[in-house]
Amino acid sequence: MKVPIEWLKDFVNINIKADELASLLTMAGLETSVSAGNFLEVDILPNRGDCQSVLGVSREVCAVTGAKSKTSKTKIKEIKEKISSYLRVDVRDKKLCPRYMARVIKNVKIKESPQWLKERLESCGIRSINNVVDVTNYILLGYGQPMHAFDADKLQSLSGSFKQIIVRRASDCEPFKTLDGGEHKLTRDMLVIADLERIVAIAGVMGGKNTEVSDSTTTIVLESAYFNPLSISKTSKETKLRTESSARFEKAVDWNMVGRALDLGAQLIAELGNGDVLSGIIDIAEKRSAPKILDLRFSRLEQLLGIKIFPEVAVKILRRLGFKIIKKDNKKLKVEVPSFRISDIEREIDLIEEISRINGYDKILTTMPTFIKKSLGDDTLDKVSYIKEILAGSGLYEVQTFSIVDPNNADGSALKISNPMTSEASVMRTDIISGLLKVISHNIRHQINDIRIYEVGKIFMPGTPHQEKDIIAGAITFPKSSYFDVKGIVENLLYEFVDCFYVSSVNNNLLHPNESGEIKDIGWFGLLHPEVSKKWNFRQDIFVFQLDLTALFLAKKEKRYSKLPRFPKVERDLAMFVSSNSSHQKIVDLIKKFGGEFLEEVELFDIYKNSRAYRLSFRDKNSTLTDDIVNEKFNTIQKALEEHLGVEIRR
Amino acid sequence: MLSGKIEEIKLQADSDLDSVKSLQDLESIRIKYLGKKGLLTEILKSLKTVDPSDRPAFGQSLNLTKREIETKIEEKKVQFEGQILAHNLSEKTMDITLPGKRIPRGKRHPITVVVDELVKIFRRLGFDIALGPDIETEYYNFEALNIPKYHPSRDMWATFWLENGLLLRTHTSPVQIRIMEKQKPPFAFVVPGRVYRRDDDITHSSVFHQLEGLMVDTNITFGDLKGVLTAFLHAVFGKNKKVRFRPSYFPFTEPSAEVDVECTSCGGKGCRICKETGWIEILGSGMVDPNVFGYVDIDPEKYSGFAFGLGIERIAMLKHGIDDIRLFYENDLRFLKQF
């Protein structure tokens, strides 16, 4: 909010430089900077509705500088004619409108506002309209009380005698055209100001075209009210009308300012438009409960802040902020909350905050807690870190992609966002691969042809209840990349968790049906399906993998040491032509089955077309193996391979 | 007579050794004098012809000469080997600026790097890690954090709603409630995680990361909040950086404070990064509001605590001088390789 320093001086003496003042306010919770030398730009926190006016800011200035506020009494000149013979107000919903006040000004001449008024409004970014509307805005900015001026002649009369204002709820779908020309369909949760026949304003939000003050207006009904903050907030949201007025009502205006502002406004309108204020005031108000009295225990203050604040200091601060000290002893204070702070000062803790912020957070000594932990916490992050280390070692870069994705790239039943920003980002991802493909696509476009990436993150599985799954997904593509590159990455990772695993074929529409595999319960990997590849316009082969993080963590075994061998190993090379029904896995399984207790390792060391060469290592832990024993086993293995898998051993 | 012969051999050996030019020549000299059929060996063989009474003196003289020659040969050998080594070293040259053979290695995302770093610091300060779901209920994300429905402060968080009535958490703060529901104080946790805001602003990302913190015990004070967060900021930005605590408002803490650190770019003089204020806002924090304790059944008269939250991307941007938040999610490898 923009506050002209000149205007501020109407309410408080300022004897310090603007910069200094801004810094004091900032350190008391009103983030303030100086603009153009003579304006304060004040950032008002959501709980400080009371600061949304020059007067409100001036109260904070008093609190931080210790200056006295200037108070002035409003003298209002009234003519004989009584308001009661001209206007009647019927408040039909006192819950939504706890206080409604009005005055009537007759014989007003609508014209331009005087220069000083125009300047003040325009310096705050409000366009000057005429001497009546400008006054309502002036009171709003200056005192924080929104007002509305109706052209009284446009209000329907009660059989020609009285003007009638009815404060009621709208009926569902009741139409209304606001001052800005907007057409609205209202609901019965919304409070409106109406005459006998129609709505003339959305209460506290915006007036209507139908009763707008124009050049020909002569009689003004000036409204000043206290509307239910929650109701204004709802209405403003639902009608999408955020106005200066609603911004103040929704944070509660000062109950005691409603009447004072009305007098100020009526008097000023009368002065600027040569009008006559009718005698009397309409004030339909709920009984206000007794003033709010709160206790403040000095012990509590010290317990929370960690420093002692002397009672005299607390008293001084509270007084400066407008609180009344009702009672004081050496244990506690009893204070009365000023009317303009009723909505945000409700508890002892609120008083503690007030004292601490005005006293200054810098006065609170820095200490270190003496703290004894009771638990060890979650170690997921450590485990994930471990995985990230392994993958970095395999040459993969970690990426982070959005969890809100295009429905075209997700499961049909993916969780939908009801208020997405764009339709391309409107469902929760059901896999990470599409995010990775987007990254690959971006990098290829930028002439990068060696791409190896992965992401660890959540996917969101639809259902009731839905499920958040931690997974790890990767994608690689580079010149001559192959199935074996992606499988190698997966193996590097998996062998840190398990001793062995089996790969079976997989049915997954992201993967090529033959050049891909699945590891039961843990995940899958392989060549991206040509259809998917085509959709993304990839010209190169992309290889992807996805692993379930939780399953991987569960599979993790403690590592057991096995004694280092003391006797030499004996190696035998085994070359063969394989048939189409014998896979590497089958060959290895068979070799192991027939290899006997001394077979230590089977390693595939050469592969060319259908020719395979394996190196078999034999070792006896307790003695040096003889050739005879090894040869016998080796022969058994060769025979078994020929018999069971139909391979042709090359001897 | 034989002793004259020894003297003669010695002189001859000296002259041979003085003029020797290579390691091979040296070897032939050794063979010539000390070899199986060498001159000195031959004389030794003739020892038996010497008068027994002269033998000790003769033997001694012979050994002395032999040792002298051996020593000289050894000296020469060391000298030649040194020369050869020096020669070989100077012969073998290479362009040491040619690139090394690197084993391809990937990297962690800069956001992860920052999260890991921050978490490590908080662990040193006694905090544990807790995690929570991205999809939350209105209760955890708002109500239990003292943010009632239609309360104007809800505007602080532009929310994505799911069609099933749940929402995407707008901050990591709901995990505070989840922690406090499950256990009784004392505890101290930090919670890193993804959060979502429906912000149209291009300087914001609708998905980003936060780190939340919570410490509750008897007698935790605002002074402790200041102590822990100052220690943390000094660990991240350097011990010489000034830190200030400024009153602020969050529905779930009271008193609340924004924590600013002296501008990392201009050092407090005022620049574009700090909007001429000299300070950069890093953390939101405050003492846990008694109402929040009320929701989780912790006695606010007995226990007190503080909570804080910060944006990970913001820290990463400040630390590395990154000026566009979108770079984090574009994942251009030329960007990722820089961290």
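Cβ atoms here come from the backbone N, Cα and C positions, even for glycine.
Unlike curated entries, TrEMBL annotations are predicted automatically.
What TrEMBL lists as domain 'B5' is A:289-366.
As annotated by TrEMBL, Mg(2+) binding site applies to A:Asp344, A:Asp350, A:Glu353, A:Glu354. In the three-state DSSP assignment, the secondary structure recorded for A:Glu354 (Mg(2+) binding site) is helix. Neighbour density for A:Glu354 (Mg(2+) binding site): within 10 A of its CB lie 26 other CB atoms from the protein chains shown.
What TrEMBL lists as domain 'FDX-ACB' is A:565-650.
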A:Asp344, A:Asp350, A:Glu353, A:Glu354: the binding-site residues whose Cβ falls under 8 Å from a chain B Cβ: A:Asp350, A:Glu353
Taken over the domain 'FDX-ACB' (A:565-650), the model's mean pLDDT: 92
Collapsed DSSP category at A:Asp344 (Mg(2+) binding site): coil
Residues near A:Asp350 (Mg(2+) binding site) in space but at least six apart in sequence (CB under 8 A): A:Leu294, A:Asp344
Among A:Asp344, A:Glu353 [binding-site residues], residue with fewest other Cβ within 10 Å: A:Asp344
